[in-house]
Amino acid sequence: MHELSIASEVLGAVQRAVLGAGASRVVRIHLKVGELASVDPDALAFAYEAVTAGLPLFDGSCLQVAWIPVRVRCSECGVEGCPVPGSVACGACGSFLTEVFEGEELEIGSVEVERDEDPRGDGAEGSIPQR
């Protein structure tokens, strides 16, 4: 179950980012997952709950996943779009001379946090974009 290692890596990356930014609590993690990343959404949600259990920084946080469909660019006909279902062949002409340009992602998009001492003085939530 590689979802557990993915959840652990996400947890570590988020901890480093938010503690360096003075956050007191993680509210939501936005994760981009491509169709070809071979990630099971239910297993990832279960793994996230397991790795964040008992950690005050992540108490009540949630993992929001944006699923990215596969998109290819065809070298034969020049079409950019969805491939033939179950393959990476061009959906327009059927050629396998394609380049996948979306659908392989596995990255943190952003992290929503709470800060104890917000500069606005209202304790509002903030966002830490990831690159």
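Going from the start of the chain as shown, residues are counted 1 onward.
In case you wondered, yes, glycine gets a Cβ from its N, Cα and C as well.
Note that TrEMBL annotation is computational and uncurated.
Listed in sequence order, Ser38, Val39 are the same-chain residues at least 6 apart in sequence whose CB falls under 8 Å from the CB of His2 (Ni(2+) binding site). The Ni(2+) binding site annotation in TrEMBL covers His2.
Taken residue by residue with DSSP, Cys74 (Zn(2+) binding site) is part of a strand. TrEMBL lists Cys74, Cys77, Cys90, Cys93 with the feature Zn(2+) binding site.
The region 'Disordered' annotation in TrEMBL covers 110-131.
Each of the binding-site residues Cys74, Cys77, Cys90, Cys93 was ranked by the number of other C-beta atoms within 10 Å, and first place falls to Cys90. Within 8 Å of the centroid of the Cβ atoms of Cys74, Cys77, Cys90, Cys93, where the record puts Zn(2+), the same chain has further Cβ atoms from Ser75, Glu76, Gly78, Val79, Gly91, Ala92, Gly94, Ser95, Leu97, Thr98.
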